[in-house]
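Comments concern the structure below.
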Amino acid sequence: MLNAEQRAIIKATVPLLESGGEALTTHFYKMMLSEYPEVRPLFNQAHQASGDQPRALANGVLMYARHIDQLEQLGGLVGQIINKHVALQILPEHYPIVGSCLLRAIEEVLGKDIATPAVIDAWGAAYGQLADILIGAEENLYKEKEEAEGGWRGTREFRLVRREQESSEIVSFYFAPVDGMPVLKAEPGQYIGLKLDIDGAEQRRNYSLSALCDGKEYRISVKREAGGKVSNYLHDELKVGDTLQLFPPAGDFTLAASDKPLVLISGGVGITPTLAMLQAALQTRREVHFIHCARNGAVHAFRDWIDGLAARHPQLKRFYCYAEPEGGAAADAVGLLSEDLLAEWLPQERDVDAYFLGPKGFMAAVKRQLKGLGVPEQQSRYEFFGPAAALE
């Protein structure tokens with residue numbers, strides 16, 4: 001536990017983290033990935049290059065410092081971190097590496113006049129406290145997944161049994177376990193971790209499960225990303241019959257039980273977790289409003305499948321919005337999703353459960369629009385790993 005003096009020091013560094021947190025975490029990642037190559041597979045290099053990962057860490061460190069006296073207020077953020085760590089198999093031995101590099105980064109970026117021994121000591125204690133919380137919670141989750149029916153710990157060998165082209169950009173991959181035994185049933189909205197060897201280098205990635213799990217196989221649907229090492233490998237190299245290692249499903253962006261009308265809003269490849277949510281909701285005969293936004297029909301994945309569901313389930317209402325239509329299948333609206341469109345497509349009664357996912361700008365707009373239409377904020381759920389202010 002931190003003492004009162006250490007907590008006061010942590011809180012005093014908040015202004016420094018607000019102004020220079022990203023510079024600190026950028027330096028931290030550069031140092032750690034250079035000196036400890038064994039942890040490189042745990043981090044997406046594209047997210048490093050774009051700055052997304054340093055920004056997300058800077059936000060996490062800042063939130064921790066701000067709430068050092070009220071850690072219970074970080075429950076949502078901590079839950080996200082724990083699930084991400086479990087999906088990538090972050091282990092206790094990784095924490096000392098992160099801790100030592102973080103303390104060095106604080107000292108080197110802030111300078112010894114600011115990063116005094118007392119400051120370093122306080123942040124060392126704070127990091128140790130956080131590490132203990134995460135390690136304990138992650139072990140509980142590892143154990144839970146290992147002991148569940150169809151579950152396992154660490155990696156498990158799976159074979160690609162089918163792949164399907166869903167749009168000009170998205171391919172679905174179906175994986176079944178090589179041992180032929182059942183697999184852990186994921187909750188709708190969760191993701192799975194992949195461990196691959198590409199050009200002699202280990203790569204790990206998380207992908208949302210895009211179908212309700214039947215206990216026999218998993219499906220992910222991957223968009224080809226320009227310069228994306230793993231997405232391009234999956235699209236171009238992974239063939240039916242090939243094997244790879246999977247980690248158990250994880251994630252806390254999941255469909256909660258409710259009898260309220262369900263609103264699922266997605267942009268682009270953000271559609272993937274909503275598909276499993278849609279399947280689960282239709283099994284309960286729940287009213288569902290499914291709204292998807294895409295550039296055009298060529299990149300719109302799963303349209304025929306969703307249209308088929310709508311034809312068989314009168315409680316499902318689906319709406320499509322295309323930003324730049326290029327002929328082919330028509331959309332219900334053209335342009336960007338607006339509050340006026342949402343007002344038309346949502347139930348008249350705004351007491352709904354809304355789940356949305358997509359690019360950052362899209363999510364910021366949807367969050368604002370739902371609030372403007374009177375959807376209770378506590379009933380609007382999304383998954384975003386950056387600063388919450390980025391969606392305001």
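A Cβ is built for glycine as well, from the same backbone N, Cα and C atoms used for every other residue.
Marked as active site, charge relay system by Swiss-Prot: Y95, E138. Annotation comment: Swiss-Prot describes H85 as heme b binding site, evidence class sequence analysis. Summarising the annotation, Swiss-Prot assigns FAD binding site to Y191, R205, N206, Y207, S208, F384, F385, G386, P387. According to Swiss-Prot, the NADP(+) binding site annotation covers G268, V269, G270, I271, T272, P273. Under the heading domain 'Globin', Swiss-Prot lists 1-139. Swiss-Prot lists 153-256 with the feature domain 'FAD-binding FR-type', giving sequence analysis as the kind of evidence. According to Swiss-Prot, the region 'Reductase' annotation covers 150-392. According to Swiss-Prot, the site 'Involved in heme-bound ligand stabilization and O-O bond activation' annotation covers Y29, on the basis of sequence analysis. Summarising the annotation, Swiss-Prot assigns site 'Influences the redox potential of the prosthetic heme and FAD groups' to K84, E383.
Every protein chain shown contributes to the tally, and the Cβ of P273 (NADP(+) binding site) ends up with 26 other Cβ atoms within 10 Å. Neighbours of T272 (NADP(+) binding site) among the recorded positions K84, N206, S208, defined as a Cα within 10 Å of its Cα, are S208. DSSP assigns E383 (site 'Influences the redox potential of the prosthetic heme and FAD groups') to coil, not to a helix or a strand. According to DSSP, P273 (NADP(+) binding site) is assigned to a helical segment. For the pair I271 (NADP(+) binding site) and Y29 (site 'Involved in heme-bound ligand stabilization and O-O bond activation'), the Cα-Cα distance reads 31 Å. There are 30 other Cβ atoms within 10 Å of the Cβ belonging to I271 (NADP(+) binding site). The secondary structure of S208 (FAD binding site), as reduced to three states from DSSP, is extended strand.
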